[in-house]
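Enquirer: There's a structure below that I have some questions on.
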């Protein structure tokens, strides 16, 4: 059977043309749908659509590889780091003028120059209060003649934070010069209304008999510091992520923040093995915590005469976790310091230059002790943040948190038992280790500011002296709920094991987050007012 030629059969000619038209239409429709889908996903209309696709406004991507090269070998904070030299008057001197930084100068304490320095308190550091009566007047800090006024440092093109006259808080006010006053209203939450308090900081749950330490609030001399307003915080941070980076004291502050926010909204736990994450759905705010003991890179491999297994701190390289995640953050609250009392080896430019609780006999003279190492680590980590090409957020450096081990160190009989009120004027005994650590931190902060290249902003939240008066705010011997725990000194006068470093919750640490909120308010409301 032979088929007729197409030329002689009209039907056979029309059929292919109809099929071609259908195929072409389908192809065009498919291309339109693909383009529309791409457009919708790439440029979602509003937070509702973005939330539909992503779950939150900003998705934190966790890279699979840990071996990330950030190109820091030629950076300005790499092998060119020098040991800090401090003068008695410390202040930020930068030509730019849009970002305010508050710095307190500190008299340099005489300490061992190149030997291992261990935080400790001698017997003469102890304070004996003659009575436990509430002071008739608020506990006010004396004005420091050496304290630098607030300086301005512009590390970005952002507008300055000028707020309207209707605000109750003066944005130009020095937040760190003022007094502690008793507030009968008490804290914003209790240990029973917040489920995320670490047990060691749950002082009331662990049987601490007094509660007055919960009621003291901070009042700057020339303005008011409002009570923490959780709704205002969530609105200011709408669609943004705040990250706490540091050690267990940073965790202490993060849990305080969660407890304050928990009173208006219960967040969703979206954490994983690499970080804690809490999502407040109503405003798509994420609170994050990343553990970083020293803020610099740490390894355990053998280097020169330091054997494998001993922690090596590469003081000229930032912690890789910081560099990996910070582009995802809008606000960072960063802190460190207390882990420099732990055993570690200090490495600069691949050379061992010092150590803490580790230095073999017969080794070369130590070049860097633990307080110098802390200052270098601050410069390294902050310089890395201020030069990161993909970070444009706000970084708040929480200054060194004072401990109150009186009569010894944490492991040599130091104690804060029985402290129920803030210290009054004239009762504060200077802690040499706290002062020198604060000084080194401020010095590292200053040097990092001068290296800034990106559009991020840096602020110092200078709580060190303010909280030196709060020896009453620590758990002390109330570290666990054991009803049989020892809370009094023994017949030999030795105190029981206790924690005079971390802070009770609720307690003084909640003030840190009132300060964080005020710093954020000054930045974000100032920018909104300037752009309107």
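Any Cβ shown, glycine's included, is placed from N, Cα and C.
Any TrEMBL annotation is an automated prediction that lacks curation.
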Enquirer: Given 444-470, 471-497, which one carries TrEMBL's region 'Disordered' label?
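Expert: Based on what TrEMBL states, region 'Disordered' spans 471-497.
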Enquirer: Have a look at 20-41, 42-63 and point to the one annotated transmembrane segment in TrEMBL.
Expert: 20-41
Enquirer: How does the domain 'Trichome birefringence-like N-terminal' (172-224) divide up by DSSP, counting helix, then strand, then coil residues?
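Expert: Counts, helix then strand then coil: 6 helix, 10 strand, 37 coil.
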Enquirer: Determine the mean pLDDT over the domain 'Trichome birefringence-like C-terminal' (225-518), rounding to the nearest whole number.
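Expert: It averages 96.
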